[in-house]
Amino acid sequence: MAVKTQRAKNKIENCREIVAKSSHSCKLGNFESRDSRNNELFDMTNRRMDTLGIFVLISYLGLSSAAGVHLSDIQQNLAANGSVVLSPLNSTDAFSVAINLSQSTVNNCPSLANAESMALMELLTRLTAGCRYDKMVPPVVHNKDGEEVPMDIYARFYIYVMKNLDSSDLQFTVQGLLQLRYLDPRLAFSSYLPNRRQPIMGESELKKMLWVPHIFLTNEQASTVLGTSAKDELTTIYPNGTVLTSTRLQATLYCWMNFQKFPFDEQKCITTLESWMYNTSLVQLHWETDNPVSFDKQLQLTEYNLIGSLYNESIRVSNESYMSHGSLEGNYSIISFTVLLTREVGYYVIDYFLPSIMIVTISWVSFWLQADQTPARTTLGCTTLLSFITLSLSQENNLMKVSYVTMSEVWFLVCTIFIFGSLVEFAFVNTIWRRNNDLQLKKRTTKYIVKSTFVPHLKKHRRHGYRRTDSTMSTMSTTSMDKSCGANNTVITIETPIIIGGSLSREDSAISLDEQDETSTSESGDSTKEKPAQTFATMTPKEVSLWIDRKMRFVFPLSFVVFNALFWTLVYCL
C-alpha cells in the first residue's frame, strides 16, 4: 500500500511539470491530453470543437484524477479542477489545459493546531468531538508497564447539615458536597495549550459533554441536587486530563438503628456509595487520603451528639441471590462512611425518669394511712397508676415499635409493678383489718405473723379443737368433783392473765388448770424432769395491719433503690 501511495505522488508531480512546460502530454487515469502541435492525432479543423464537449472532457479529467489518486491510507484525496482556454485561429496551439491539485481531509475532524487562539467553548467542542472522544465509553488507563488497569475514582464528602434523625421512621436527612476525582487522558490539553496553567471550569452544560461515573447511594430513600436558579454542579478539567466533579445534594437515607438501650443508645448511621454500571475490572472507588469525610464546624444536632465518623472501602458481589445492580452480575466497588451518634438523655431524664420516680414515691404515701381509710388510699393508688401509664404512653409514641425489649420499657414496667404493688398491699391490709378473730402466735416475730396471716383458718381450726378437748376435760372434772363433793360443792372457773414476752394474753383457766394437773402428775411421776408450759401470743387484726404497713415503709423504698442501682449499672457499664 505504501508503494502505491508513493507512485501516485510521483505521478502527480510529473503531471504538474508537464503541464507547466506545455511541451509534453500528461496522462492521468484514462484521460490523455496531447500537444496541439501533433498533427497526426488532431487536425486543425478540431479547433472548432464544441465548447460543451470540451467542458465535459475537462470534468471527466477532474473526476478521473480524483479517483485515480485516492490515497485512503493517509486519509487524503486529491481534488482536481481544470479550465480550457481557446486559442486564436492563427495560433498553433489548439487549446491549453490548466490543472489545479489540492488536498482535503476525509473524516472532517476539527484541528487543534491553533488552540491558543480559540475560545474555551470552541476548544472543548473540538476536544470532545466524536472523532476524538466518546462519552459512552470510560477512559482507558495504563500503568507504567503499559498494561491496562481499572480506572481509580477518588471521593470526598463534606457534610453541611444533618437533621430529622427520626427514631420512628429509621431515617435521617443529610446535606453535603460530594466530590469525585478521576483521570481522563482524552481531555488533556497541555500539549495544545502549553502556556495555560488554569483549569477549565463549567457547570451542568460541561458535565453533559463528558463521561462521568454513575455513583448511587445504596441506602437512599430520596435525593435531589440543590440549587436556586440552576443545579449546583461544577466540573473542572485540569491540563493533564484530571476531572473533578462537585455536586451539592440533599439525601434522605435509611439508618438501621438499635434501640435496646434506648434512650441511652448510641447509633451508627452508614452511608454507602457504589458504582452502578461498571464493575471492579473497569472502575474502582477510593476515599481521598486527606479528610475523606468532614463536617461543618457549625453543625448542631438537637437530640444527638456527633462523636465522629469512620470510612471504609469494600467490594460487593452481585449475583442471582443478591442483585443490587439489576441484571448485571459481578464484583462492584463500594465506599462507605459511618456517622457515630450518641443520644442526649437530658430531655428523657427530666421529662420521664424524674417524674416516674416521683410518681412511684407518691404511691408509698398510702403506707402512712390506716387500712380503714379506703377512699383516701384507693384514690391515691389509682391516681398514681393512671398518671404513670399516661407518662409511659407519651414516651412510647416517640419510639418505633420493635420486637425486642428496650431499657425504657424495663424501667416503666418495674415502676408500674411498684405502683401496682402498693395497691395490692392496701387491699391485703384492708382485708386483715376487717377480720373479727385475733391471731394466735407462737412468737411475736415476722415469721409467725406472716404465717398466721396467710393461713388463718388452719390456726383457728387447731385452736378450736384444743378448746373442745379442754372443755370436755373440764366437764368431766366438774362431774367427778360433783359426785365426790356432793351437791353443795361448787367449781369456780377463773380466767387468769398470762404474761408472754412482755405482752398480755388471756387464756382459759380450764386449760391452765389442766396444764397444772399435767405438770403435777409429771412431777409426781418423775421429780427430776420438768416440762415447760406452752404459751401463745395474740395479735388483733388492726395490730397486724399496722405492722404490715410499717414493714412496707422500708421494703418498697429499699427494693426501688436496689432496682435503680442495677438499672443504671446496666445502662452505663454494659
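Indices start at 1 and increase along the chain as displayed.
Cβ atoms here come from the backbone N, Cα and C positions, even for glycine.
Annotation comment: TrEMBL describes 52-71 (among others) as transmembrane segment.
If you look up TrEMBL, you'll see 122-344 marked as domain 'Neurotransmitter-gated ion-channel ligand-binding'.
If you look up TrEMBL, you'll see 345-369 (among others) marked as transmembrane segment.
Per TrEMBL, domain 'Neurotransmitter-gated ion-channel transmembrane' is recorded for 354-568.
Taken from TrEMBL, the feature transmembrane segment applies to 376-395 (among others). Same-chain residues lying 6+ beyond the ends of the transmembrane segment (376-395) with a Cβ under 8 Å from its Cβ atoms: 348, 352, 355-356, 359-360, 362-363, 365-366, 369, 408, 412, 415-416, 419-420, 422-423, 426, 430.
Here TrEMBL flags 410-433 (among others) as transmembrane segment.
Per TrEMBL, the feature region 'Disordered' maps to 511-535.
Residues or ranges marked as transmembrane segment by TrEMBL: 554-572 (among others). Outside the transmembrane segment (554-572), and at least 6 residues removed from its termini, the chain residues within Cβ reach (under 8 Å) are 261, 264, 360, 364, 367, 407, 410-411, 414, 418, 421-422.
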Non-local residues, at least 6 beyond the ends, that sit with Cβ under 8 Å of the transmembrane segment (345-369): 263-264, 303, 376-377, 380-381, 384-385, 387-388, 391-392, 395, 408, 411-412, 415, 418-419, 422-423, 425-426, 549-550, 552-553, 556-557, 560
Other parts of the chain folded back onto the transmembrane segment (410-433), taken as Cβ under 8 Å at six or more residues beyond its ends: 353, 356-357, 359-360, 363-364, 366-367, 370-372, 374, 377-378, 381-382, 384-385, 388-389, 392, 395, 453, 541-542, 544-545, 548-549, 552, 556, 559-560, 563, 567
Stretch-averaged pLDDT - the domain 'Neurotransmitter-gated ion-channel ligand-binding' (122-344): 90
